[in-house]
Ligand code: PEP
Ligand code: MG
């Protein structure tokens, strides 16, 4: 930093470890509705407006195609198909005729585009569920064309050729589908808690991230920042010496962890399989490189977030098979689609307006409305596993009571799935885990949602980060109840929420009786190293100490006091 310049440090929640530095690139907000303006009225004015509208639509189509090619080059061929289909919509001759007719009626280009799209939009919206789901694609093309004509920033995540720090109010999972992890060196968002999907995606991509950082709203495009995803800080205009020191520290820690290998176990040999959370075949390399023993959570909805229509059976089968094949000696726990709330799927829209989507139709609730989608997915899974040695387990998200657990187990039996399980994400399910256990073979505790629901703190809201903390003793109690019920009924009880990836909390979870831990691949080495340095008895003492505390901070401190090797790992 040049002499005399005051350092500026923004703080938020560090949710994905490591350091990254680069210029800020901002995700633009929504495009304004163009004013109902008219053009000059002459034939020449109309010609000029039509030419401008045609140029804007063609440029949008070309941008979408180029973006699709970049995504394909980064290994995401699906994104190319989706973006290619959008480019075709932008070049639709019927749409061009609609725009021309509006302009002939005196309307200026931007408004003419807006009106012409409105006609198409209404037709699609009323043409059944499949086509209605394409409305979002159409809106995106309209916004891009209008942005060009009005000269305002393009919506969505901008494309760059040089490394950058992505700054946004929040990131929708679909926004990140075309991001190249080699170019995004860090994420910073105003919103989003530690268990938001922005945080999860950042960890999966191995990109340092700070969320719940409201001050980042003022960061101007191009400002150089140093993001520390471990400390939760964003250093504005850092000196080069600070940047290189932070990057060196981050690399040193990474190489310490590279030495931690082998199956997960406590120091005295109590096995705790360490599994990876994946969103599709694209996450396998990282999972294998980090030594995952299998997959503990395959978030299948991540495959289809950017899709306007339901995936075909063959496509699903291929995506599932690719993941199953990667772990011939291990297990893969696949979660059926968890649509709704913060992961809306265009082809599974909620039945109506939902003032509180997290409490609405999501997960298994949504699939029960669309049993054909559930049975197609289960059938594709059974087919995908045929002839493989991998153990396939399938679980449902957002299960609340015995009736739902029974419904899911029956659907699995009908589709020929041998090992059905349920996620424990709803406090009601944790409290009555003993009643649910006989219906299924295993539990997997989703601490992200379990915390959200136990503490009544929406995981999307950055300001509630204090309550979105699985160290809350009430959450630890719910995990303990679930694990105890699993022991009593001889069921497995994994944790696949982000709590499993916290190297201190992981020891506590094992002490509570959890039998496996599943996390984003980059978290595996530190959790493995932390378990390997502590005995089961120490983990149990840490669990008792944490549960005896009255606040999340006290629980953390009490557990740490029972885990003496943490400082060796810089924890
Ligand atoms: C959870 O809720 O903890 C979980 C693993 O599911 P997701 O984060 O996908 O909602
Ligand atoms: Mg969940």
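Keep in mind that glycine also has a Cβ here, set from the backbone N, Cα and C atoms.
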Checklist entry - Do you know which of 321, 459 TrEMBL groups with 299, 335, 448, 449 in the phosphoenolpyruvate site? => result 459
Checklist outcome for this item: argmin Cα dist to residue 425 (Mg(2+) binding site) over the recorded positions 449, 459, 496 returns 449
Checklist entry - Within 10 Å of the Cβ of residue 496 (active site, proton donor), how many other Cβ atoms can be counted across all chains shown? => result 29
Checklist entry - Can you list which of these binding-site residues (335, 425, 448, 449, 459) have a Cβ closer than 6 Å to ligand 1? => result 425, 448, 449
Next on the checklist: Distance check, please: Cα of residue 448 (phosphoenolpyruvate binding site) against Cα of residue 496 (active site, proton donor), rounded to an integer number of angstrom.
Outcome noted: 9
Checklist outcome for this item: On average, residues of the domain 'PEP-utilising enzyme C-terminal' (261-534) score a pLDDT of 94
Checklist outcome for this item: DSSP tally for the domain 'Phosphotransferase system enzyme I N-terminal' (11-134), helix/strand/coil in that order, comes to 79 helix, 16 strand, 29 coil
Checklist entry - Hey, what's the widest CA-to-CA gap across 299, 335, 448, 449, 459, the phosphoenolpyruvate contacts in the record, in Å? => result 20
